[in-house]
Amino acid sequence: MAPRLGIFLIWAGACIFLQLDHVDGALKPMGAHPSATVKPENKCVFPFNYRADRYYDCTKADSFYHWCSLTEDYRGSWKYCAATDYAKCVFPFVYRGLTYESCTTDGSLFRISWCSVTPNYDHHGAWKYC
């Protein structure tokens with residue numbers, strides 16, 4: 001009984017794993033290769049719109065790895081993010097009506113330094129750790 005149960009569990013696990021991969025022909029599939037026209041000099045465009053969301057930094061939306069769009073409105077041109085592609089801090093930025101010229105710990109529950117990736121955090125709410 002145990003060998004059959006083990007084989008069944010492996011088979012059931014593989015079926016469940018295979019079902020987790022969402023497929024939508026209009027979007028890039030998980031694990032797909034970047035756009036064929038992507039060259040090293042292609043830059044990420046921030047912010048960019050993907051589906052119903054606006055992204056101010058690289059995202060893992062519908063992917064196992066961070067990626068970015070090469071156009072403001074995603075239309076299939078994208079690339080995986082390298083260390084130099086992630087959004088940069090924007091200074092000065094506005095947070096709670098105050099202007100900040102450098103990273104701050106204000107508003108951070110654990111007092112970890114952060115910054116806005118847009119000129120107005122109050123409006124966009126986009127940030128990253130410093």
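Heads up, the Cβ atoms here are built off N, Cα and C, so glycines get one too.
Quick look at what TrEMBL annotates:
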| type | residues | note |
| --- | --- | --- |
| SIGNAL | 1-25 | signal peptide |
| DOMAIN | 39-83 | domain 'Fibronectin type-II' |
| DOMAIN | 84-130 | domain 'Fibronectin type-II' |
| DISULFID | C89-C115 | disulfide bond |
| DISULFID | C103-C130 | disulfide bond |
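The disulfide-bonded residues listed here are C103, C115, C130; among them, C115 has the most other Cβ atoms within 10 Å of its own Cβ. Under the three-state DSSP scheme, C103 (disulfide bond) falls in the coil class. Per DSSP, the secondary structure of the domain 'Fibronectin type-II' (39-83) breaks down as 0 helix, 14 strand, 31 coil. In the three-state DSSP assignment, the secondary structure recorded for C130 (disulfide bond) is coil.
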